[in-house]
Amino acid sequence: MSLINCENVTFTYEGSIVLADLNFCVERGEYLCIVGENGAGKSTLIKGILRLKNPSKGSIFTGDGLKTKQIGYLPQQTIAQRDFPASVYEVVLSGKLNSLGILPFYKRTDKEDVIRQLKLLGIEDLKSRSYRELSGGQQQRVLLARALCASKELLVLDEPVTGLDPIMTGELYDLIKKINKEEKRTIVMVSHDIKGAVMYASHILHLGKTQLFFGKKEDYVQSEIGMRFIGVEEDD
Amino acid sequence: MMNLWYSLVNIVLPFQWVEFTFMKNALLAILLITPLFGLLGTMIVNNKMAFFSDALGHGAFTGIAIGALIGLVKPVLAAIVFSVVFALIITVIKNKSRASTDTIIGVFSSIAIAFGLVLLSLGGSFNKYSSYLIGDLLSITPSEILLLLVVFIIIVILWVLIFNKLLLVSINQSLARSRGVKTLLVEMIFTSIVAVIVTISIQWVGLLIINSLLVLPAAGARNITTNVRQYTLVAIIIAVFSGICGLIASYYLNTATGATIVLVSGIVFFLTLAFKNKFA
């Protein structure tokens, strides 16, 4: 069974349809990039996958034993988050919150997992640094480590490269690809950066208030909408 | 128990300012109130809730007015119930409505304070209640200190239980919800805690300055700390330090204690601002 299966899904806000007729699935080990213009419904779909918003029509199933709480999620950064006096270690540890239950304190195994993820992403030396002092690229790595802490299987990344310069963007994409290949995590990433998406993803879902394309990356670059969208991006 | 405290103070602090019993009571009250203000202030500052906590003070004032109107000698119990309900209503509406948070809080806050003033001035008897505006810490009694102790213990336990969830809610609400945190419930518990401590303290600290006591220590701590543990600890230290220094200063200067404490907190805040770049 697919990890995520979206069947005839429609989302509405206050009676108005914002995203209609989605039909796609994500299999274990895939790297799906969701692209589209601003207001295309990308963030709404992410909320749907995370069960933060229920579809008004259709269903989103999670399969293969995946529980929603076990989805690692990297949200778009908020101002509060950027200016929070928290250490890197504390930020990453907050990713283990779903293992807390009603207990007030984190377990030793949670703390060991945090160190493991920091090592994996090459930021162990930043452990005691204040999160707000870090560069944009370092901050995104920290948030990626936090998402990894929460995830056993699937990572959902919402615009992870926003605000990063081209070098940092490339580094972060490489890291996400490494997590996908070596750590065997399935990736669902929202991005407006179509070039990055095409270079690294295995599948593309193109939204524009509805599903304009879903399929393999190779088919997308040959499709009319793919060529048009990539062309527009390159012109920019 | 109070006798033990009085003997302890006589031994440890053989100073003139603490010779009187009312000063010993006030000192103990400060040691119980200020850490809570420092603690709760950390989340208020992080979540940009200063306006919200100010509104809670207004709600507490209205609660006291209602308590007084229905004939309670000590209207604080009615005030606690009213201000918790008031806090919960604002929290729920803030979460459900798409209107600006500032506007919602502003509307409720203005109505609450106006309602409180109207009720307390009925029949021209407002002077009797004007102490709620500036507070009188030196009037605190041993039974009120006992109430503070009980509240202190309950709040610390609740804080330990919800802290990690509250932290995630304040960092990113949608992330917290995706982790299964009942964000509205956590927010409601937090705002209720703030409402209770603000309401209880308002008679000693005063409506006009109570919010500064919540905001200033945490705002100062935020300037010079790099992680959550430090942030919480330094906020508590600043709050307690300002409380004790303010109490001593108010004794020698013969000034309102609550206001003097706030002034000390203000000075500490500007000092932290000056050191901001060195620490954080």
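Glycine residues also receive a Cβ, built from the backbone N, Cα and C atoms like all the rest.
Fair warning: this is a prediction, and the values are worked out from it, not measured in the lab.
These come from TrEMBL:
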{"type": "TRANSMEM", "residues": "B:20-39", "note": "transmembrane segment"}
{"type": "TRANSMEM", "residues": "B:76-93", "note": "transmembrane segment"}
{"type": "TRANSMEM", "residues": "B:105-125", "note": "transmembrane segment"}
{"type": "TRANSMEM", "residues": "B:145-168", "note": "transmembrane segment"}
{"type": "TRANSMEM", "residues": "B:233-252", "note": "transmembrane segment"}
{"type": "TRANSMEM", "residues": "B:258-275", "note": "transmembrane segment"}
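Counted as Cβ pairs under 8 Å, contacts with the transmembrane segment (B:145-168) are highest for B:20-39 among B:20-39, B:76-93, B:105-125, B:258-275.
Under 8 Å from some Cβ of the transmembrane segment (B:258-275) lie the Cβ atoms of residues 30, 34, 134-135, 137, 204-206, 209-210, 212-213, 216-217, 219-221, 223-224, 238-239, 241-243, 245-247, 249-250, all in the same chain and six or more residues away from its ends. A Cβ distance under 8 Å defines the sequence-distant neighbours of the transmembrane segment (B:20-39), meaning residues of its chain 6+ beyond its ends; these are 2, 5-6, 9, 137-142, 144-145, 148-149, 151-152, 155, 159, 197, 201, 204-205, 213-214, 217-218, 221, 232, 235-240, 242-244, 247, 251, 257, 261.
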